């Protein structure tokens, strides 16, 4: 597995560089690869950019680079949170949506839109979404907390209940808002990377780096937790403490990802799953690999969504579902065959 | 019993409002191989769990002279290793990775396993004869192999006390006996093992001492020959139980007789013309 891991990591790094160049080059206005590479070179100060028109420079610098970076950050955050939750619940089918993050973020977003805050400042919507997500996760955990323990099944059920309740709250708020606000919400709820600006990058960078970095630091504890509660307690791990810390970190990563890109499903479920088959379940390898692969997967989905239909874009939240669903069905079928 | 590792006085335990164990008291010293026997639901697993601090219990429990409540989880795991009754490994961790997890109680939260930990894990795997399987995923092993891997894991924990909940369940006759031989060897080396056994004959052959639980109480405590008495066992199991010791090997032969009520029901169940 060790050799495997280094090979997979190297392959992913190459793929990442390739996708970044593609992402900067493709779109409504095609920019030649040589210009993109020139532009990247000038950014790191290797050489001045030749032949790059001011228009191209503006597109790369103000549109495509922030878009690419937001995609990488969100993909990394969602995949790391997914891997952490799957380990935490000792269940390979857990997903960030399961603890109420997305539905909480949705309610926060609607509140921001309905009150007109989102029109006043561009930070209102992401910040409200983040608060909503964290509140929803806290509510889920509080409902599941009994006598100093968080039983996994109760937590999953609490997540479903909180999700359903918040969906009803969203629906109620939506029936009360005007049509153009409805449009704005709909646009947000299908996650997308278009119109991302440097502000989104800066907004997401620190929470995601801190939460994903901390999750990676706790990889050994995550390994032990993934053997189940009894085994973890048997080797002296304070289970409740680590579960709470990891839940919070995963919620922070997911909520930040959702808040800068909107709701994007399947990354947290599919990416860690795929990597576990390639490099094994040890979180010390799985987590860094998931971070990389999550970014790659989201960027790939975004690029495909940009070039698939000419003249219009398919938003990345739709693309991840289009690519993720068949893969997930394939996994389920494969598992059934094995049983 | 010069040094008492485990001192239990008036233990009461249960689940929620339902009391399963009442007034259990005993002591265990180093080198003892203690078998917990009794019918289903007698509280054998409950006893192990509450001694390990996994279930809340009343009464005085002291491990190495220190009250159970005074232990922090990590210190506890350096003194007692616990093998749960049902272990299910949901992910494809390799055998080596699982055995190394037994070293967790000896590491700070930010530490990784070092060379010494790897050496100990390797030795534990070799002792349990699973070195060949080191790189295989645990969830692809047979029941017997997996049980030996989990035993290697708790050996790597290097604790003076080991609590094993039905370690022999699901193993074939060879692995069962092998497991008991391992346990006996460990106890001869000074470890203390408390284990739940269903097979009374095996318990009699290998354990240095038996605790018989029945109806939530400790009914008997002593050498196998003293505990495996017709009267005691019949009381515990609620049916007539007979014990014969083989005159040459000294092995116990334990059997029950079918209650008359079941014999009466048989013709009805078989649909015979009554």
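Glycine is treated like the rest: Cβ placed from N, Cα and C.
As annotated in TrEMBL, transmembrane segment covers the listed stretch A:97-117 rather than the other ranges in A:34-54, A:97-117, A:223-243. Counting only same-chain residues 6+ beyond the ends of the transmembrane segment (A:123-145), those with a CB under 8 A from a CB of the stretch are 99-109, 111-113, 117, 151, 154-155, 157-159, 161-163, 166, 188, 199-200, 203, 207, 244, 247-248, 251-252, 254-256, 258-260. Pairs of Cβ atoms less than 8 Å apart link the transmembrane segment (A:69-90) most often to A:286-308, out of A:152-177, A:201-222, A:286-308.
If you look at the transmembrane segment (A:152-177), the same-chain residues 6 or more away from its ends with a CB under 8 A from one of its CBs are 89-91, 94, 97-100, 102-104, 106-107, 110-111, 113-114, 136, 139-141, 143-144, 146, 185, 229. A Cβ distance under 8 Å defines the sequence-distant neighbours of the transmembrane segment (A:286-308), meaning residues of its chain 6+ beyond its ends; these are 5, 8-9, 12-13, 15-16, 19-20, 22-23, 26-27, 67-68, 71-80, 82-84, 193, 212, 215-216, 219, 222, 264, 267-268, 270-272, 274-276, 278-280, 314-316, 318-320, 323.
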